[in-house]
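TrEMBL has this to say about the protein:
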{"type": "ACT_SITE", "residues": "His541", "note": "active site, proton donor"}
{"type": "BINDING", "residues": "His541, Asn542, Trp543, Arg544, His545, Asp582, Asp702, Gln755", "note": "AMP binding site"}
{"type": "BINDING", "residues": "His545, His581, Asp582, Asp702", "note": "Zn(2+) 1 binding site"}
{"type": "BINDING", "residues": "Asp582", "note": "Zn(2+) 2 binding site"}
{"type": "DOMAIN", "residues": "447-798", "note": "domain 'PDEase'"}
{"type": "REGION", "residues": "814-836", "note": "region 'Disordered'"}
Amino acid sequence: RTLKDSVEKYLENNPQFAKEYFDKKLRAEALTAAFEANVDIKDTASFKDVNAVLESAIIFELVKELQKPENMEQALHKVLQRVALIIQADRLSFYMCRGRNGTLELATSLFDVTPTSKYEANLVDPQTEIVFPLEIGVVGFTATSKKTQNVPDVSKNNKFSDFVDKQTGYKTKCMMTFPLMAEKECLGVVMALNKIGAEHFTPEDEALFHKYMNFAQVVALQHYTAYMWNVESRRSQVLLWSASKVFEELTDIERQFHKALYTVRTYLQCERYSVGLLDMTKEKEFYDEWPVKLGDVEPYKGPKTPDGREVNFYKIIDYLLEGKEEIKVIPGPPADHWALVSGLPTYVAENGFQRMKKEAVDETGFVIKNVLSLPIVNKKEEIVGIATFFNRKDGKPFDEYDEQITEALTQFLGWSVLNCDTYDKLNRMEWRKDIAQEMLMYQTRCTTDELQSILVSEKFDADPEDCDQKEMYKLLVNNVNGENLYLFSFSDFPVTEFDLIKAGIRMFFELGVVEKFKVPAETLTRWMYTVRKGYRAITYHNWRHGFNVGHTMFCLLQTGKLRKYYTDLDAFAMVAAAFCHDIDHRGTNNLYQTKSASPLARLHGSSIMERHHLEYSKTLMGEESLNIFCNLQKRQFENVQHLFDVCIIATDLALYFKKRTMFQNIVNATEPMTDEKEATAFVSNNPIRKEIVMAMMMTGCDLSAITKPWEVQSKVALMVAAEFWEQGDLERSVLDQQPIPMMDRNCAEQLPKMQCGFIDFVCSFVYKEFSRFHKEIQPMFDGLNNNRAHWNELAEVYNAKMKAIEDEKKKLEEEEAKKAGGGGGEGGKSKTCTIC
């Protein structure tokens, strides 16, 4: 009894010791009952720290809670309730750390949690959350330093801010904080306020607080991991689908944006978004400036984009994703349109940055709760549009991860504008080409008067389209004497260019292809006249050269008996291609085009001029009034185009050396054949051999001037040389290069020598092999050899002249040497050394 009295007396005299003792020794059963889910806790003032038995039960309960598929706030709420009870805190709160607009901030997520408070009451609505930067308060310092804080008296702590107390009316006395981390990133801060029944939290409270915050840490980390997986998944889907749709549509930026944005709408997780497209005009038309300069209209004083454009949205595409999906396209939206009224898109367009700004309810009843707006920037760093996203679906404000997803989308859209720009440039180039082609056709196409000059209207007293085709055929056939056309020695010099057009038309009649392939007389005449006008008035590669090549092809087929290898359509195409083979020649060769980096050289990688002639020829085929193959079937027409390819490209001498061996093999194979049918079948039954012979025929036609009578050939050679010298002059003046001797007019006296070299190295093989192939072509080889003899005579004269000059020069040098050596008395004296 005495002992009991003394103990009671001691406890009464030492209340603080009694309090601490019973706090520690409070029986476990009472606390266990307090934590049962079905017990309504009325009073928590008597429940203090737990003993080891109860602590294991609480931990087990929290582990079970972590396994439930709840959101982060619900799981954290249960942890905070138990922590509030264990450490006897008046209330706990959770502040989420997030980034927006490149700045970290803290926002209330769970506020004023007590052991008995309801989750719904503690969950903070995004519209009423308290937001402050990390520079404010102990909570902000905890997030920045990533260290726990125990502040026994906030009035003595210089980092404490009463910012929240002023908004809530609460009085904070002491506090503990704990940062929830994901490696080095702070996810949020848990704050415990005001110890119940004491002035501050003890070290034991702090230890328990830290221990149970591990559960909060696990909850936050689980949520963060799942959220980041969701973010990365959505971002990858956004990029994947937007890329897919962007490359489906290259024609129009609006359709491109619409396809991409509509496809990825489910991954954006917002209720509504809109795209405002900015006018890309940097300078107004001069007539739009007149009213401003006259003072009739106020000058523009609004914001401008970083590159100086007025902020003018010419179209808005609005996507409503909640309820019934709806898409609206608003062309020329007014400045007070709901998507622009907040000023946010204009702000973004002006400076290229995004910012958050809440907005009022619009006229349709849609409530704007939170907004994310980003610029769509192209590769030139120009803002082409603004993407604005409204109301995140979970009600929370957009965060930095939403910014990352939408920024990835808008960046991709901005870069993809390059596709549309490129496509637009290609279209514009195509349109310019069509316009230039139309202008060219207008200038070169045979006019009605020119047509009438050949299809003489006086004979019919009617326009060509009203005349009978057979009558016009007779007129065209009788326009010129066709007998001379069968001679390899035919000279165009006595014939006018106008009569050469008639002669060209006559050759098609001689081939028998006009009536067979139903070529309209008017079309044939227009085509031949247009081809003549397509040749430029240059020294050698002019219409006369084009005609001569076409005529030689006609002679090889008819006089040279090579037609037996080809069909009538082949012959038709070959002669037509020969007439066109140098159309629009500029008087310079492929090498000059490459050196001067001309547009033709950039367009065609090889056989530059030949490919240009081919394109020009096919352009004529594309004109209905000029297409002499208009009545062919599709397959026949495709065959004709292929033969044009073979014939015209074959005139590139760079290809001649590749095909000569193949041609020689054909000649060697047919020469021993005694049966003409066998030899004919050997070539005509093999398309490749036919094309090889055809290509060599084009080379023989192109070089045929070298086989003409000397009176003709000598004049033509001077014309060729003159054109080469003109190119040499251009190389000196434009390219600042020394031309090769063939192009150098200072080496004109070497022309006979160069002609002999050209005949020996290039021409001789062609006509020698053709004379072996068909004896009817022997006159061309004979003409070549005759001209070679004449050039050799001139070359010998030149060589003799040069030898005489060299001998005279050498004689003078010897005389000078004798004078320098004292009159030549010392015959053995060195001519280069002097002994002093």
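Just so it is clear, glycine is given a Cβ too, placed from its N, Cα and C backbone atoms.
Nobody curates TrEMBL annotations by hand; they come from automatic prediction.
Taking the features listed in TrEMBL, we show where each one sits on the structure.
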residue : record                    : CB count, 10 Å
His541  : active site, proton donor : 24
Asn542  : AMP binding site          : 19
Trp543  : AMP binding site          : 22
Arg544  : AMP binding site          : 19
His545  : AMP binding site          : 24
His581  : Zn(2+) 1 binding site     : 27
Asp582  : AMP binding site          : 26
Asp702  : AMP binding site          : 22
Gln755  : AMP binding site          : 24
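According to DSSP, Asp702 (AMP binding site) sits within a helical segment. When the binding-site residues His581, Asp582, Asp702, Gln755 are ranked by how far their Cα is from the Cα of His541 (active site, proton donor), Asp582 comes first.
Compute the center of the Cβ atoms of His545, His581, Asp582, Asp702, which mark the site for Zn(2+) 1; besides them, the chain residues with Cβ within 8 Å of that center are His541, Gly546, Asn548, Val549, Ala578, His585, Thr651, Cys701. Annotated pair His581 (Zn(2+) 1 binding site) and His545 (AMP binding site), C-alpha to C-alpha distance, rounded: 10 Å. In this model, the domain 'PDEase' (447-798) carries an average pLDDT of 91.
In the three-state DSSP reading, Gln755 (AMP binding site) counts as helix.
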